[in-house]
Amino acid sequence: MSASSASQNSTHLIVEEPVVDPLQLALYTDVVLLCGVAVFALFTIPRCVTRFSRGFEWGQGGLLRSTEVAPPRRPKRRPTLNQQSSFALGSEDSHTLNSHSHLVRRGSEKRGHVHYSFPPHTRAWSTLAFPLARMLNYSVSRELNLGQAIIMVSYFGVLLFASLWHSSLFTDPVRTGFVAMSQIPVVVALATKFNLIGMVTDVAYQHLNYLHRFAGQLLAIAANIHTLGYVYKWCLEGTFTEEIKHAPVAWGFVATFALDVLVFTSTETWRLQAYNVFFASHLVAVVVLLLGTCYHQPSTIPYVLVAVGLYGLDLLVRLIKTRVCIARIRPIPELALTRVEVPQLNAGWRPGQHVRLRVLSLWMGWWAWTEVHPFTIASVSKGPEGMVLMCKKAGDWTSRLYEMAKLSEYGDNAYGRDVRIWLEGPYGGPGHSVFASYSGALFIAGGSGITFALAAVQDLIQQDLDGTSRVKVIELAWAVQDPAALVPLIPLFTALLQQSTLTSLRIQVFYTRATMMDLNKIVLPPGLTLLPGRPRPAKLLEAVLDCTMSVTFGGKNQTALSGIVVGVCGPAGLGKDARKAVDTVDPRRRKAVRGVELHQESFGW
């Protein structure tokens, strides 16, 4: 419903001659937004260069693949602790099922030679400008912090300026139409999994969802103002019925209606309660929107083509990152989850990354193959068991997967059921942060969030055995409802503790519900403790700080401290507690260890 088309279609409609060329202004609006993205990208360059200075990193986090696995090294010496410091957390330790005698076993016998090649470390801007970072991380709502709110307000300000500069919403409705047109590529770019904006700013695609939704809402508001402006004029002049008979005008209404459907079905209720409706409506409405926009105003075609190109590139890259293979599924009743093992794929991901999973089985339902769900990879890259996923039973789809795994029968080799799956990824992860470049690491997990922590700890231990990790101290805290959830993972935890010969590792499991289980029957290895209550991130972090500054071992003690990383994956409340713990660290201790950084994993539709 641009000014040019309106003037051609009606001699009665008088539209104010624009002072500024709206098409040119739309282009300048996108240029301003690109400059904003470029500013954020500049701040990521130092860590990007540091990360990729190691050739090893170029082959990680991009494509899933299979490779030959070399046997791990097994040095014998363990780190030593200064007399003044220990891992003790207080009186709660009296409730553990075994003592901390593992701290005494850090021997000094000769070990096999390990060639150290520590990864370089560049501090994050959040540690270099901590007061500012702390302020920007202040929570302003359930889902947003102050920094995100500032980005949204700035984005809104740019579009508002473009809509009102030398113009009026009441006399120049064409302006908001071109502003809406200019944002179509932006909304699509923010929605892609192969996210170019996230790639240059070091932000995972799932953490840009809030901005994608906000941009879509602003696009819809601008388009509706544009449409209603003309409807108002035509109604005043009594020409509405004549105007809507013209094809460009009718296509404009169709495009606006499709956009409104997109916004309506994108609300949280649809995304969480009826994802298939959300997905199908997006698929159909986006096509109608783009076609309607092109037929309505031909000058929008270049912007639509850019949006189509971005989405086409996303589909191409996702196809390249897709693998169809056979997986073995097993139920783990104690954790109420399904273990998915993919031995054919054993390399190509980084700790904390996730894949998108489809199960190609009619047992899941006729249309279940259309559903895709993200799951964090729970195993280490180039490990002997391949890729492992742990799918928590939390909805209809995951419940059907769990029930299918329960129907498994004993086979010739192992318990489980083979199914064909569609894997896409890997995505997300720690970005340019390299966990092995820090001096200390604390991982806090809640429930199925243990998958993130397991992958990270396994990777650190493996790199430590290879002499490519600076980490001296690793603390893993896991919160579960029932202590029985610990039982299936005891063998894995035991193996991790046995392999941590060059790094001080401690694992604590917290249970939050009373249990009838006889805890004395659970045999735990030294270094693994079971505690009632919830994890206290502040106390855990203080213990890691103490030990990071006290543990000494070989080459690691000859290098300066390089900070502590805190990784969190679990309920929102756990993440907030971890953020508070990081923000309240004593400034002198923060400076002594050269910063404390927080990495938080979360998913959302």
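The backbone N, Cα and C atoms fix where each Cβ goes, and this holds for glycine too.
TrEMBL entries are annotated by machine, without manual review.
The domain 'FAD-binding FR-type' annotation in TrEMBL covers 319-433. The region 'Disordered' feature in TrEMBL is assigned to 67-108. What TrEMBL lists as transmembrane segment is 25-45, 144-165, 177-198, 210-232, 244-263, 275-295, 301-320.
In summary, the transmembrane segment (301-320) lies against the transmembrane segment (177-198): three or more C-beta pairs, each 6 or more positions apart in sequence, are under 8 Å. The listed stretches are 25-45, 144-165, 177-198, 210-232, 244-263; of these, 244-263 has the most Cβ pairs under 8 Å to the transmembrane segment (275-295). Of the candidate ranges 25-45, 144-165, 210-232, 244-263, 210-232 contributes the most Cβ pairs within a distance under 8 Å of the transmembrane segment (177-198).
For the domain 'FAD-binding FR-type' (319-433), DSSP puts the residue distribution at 22 helix, 50 strand, 43 coil. The list of residues near the transmembrane segment (144-165) in space but at least 6 beyond its ends in sequence, with Cβ under 8 angstroms from a Cβ of it, reads 20, 25-26, 28-29, 32-33, 36, 135-138, 175-176, 179, 182-183, 210-211, 214-215, 218, 222, 225.
Away from its own ends, the transmembrane segment (25-45) comes close to residues 125, 154-155, 158-159, 162, 165, 175, 178-179, 181-182, 185-186, 197, 200-202, 303, 432 of its chain (Cβ-Cβ under 8 Å, at least six residues beyond either end).
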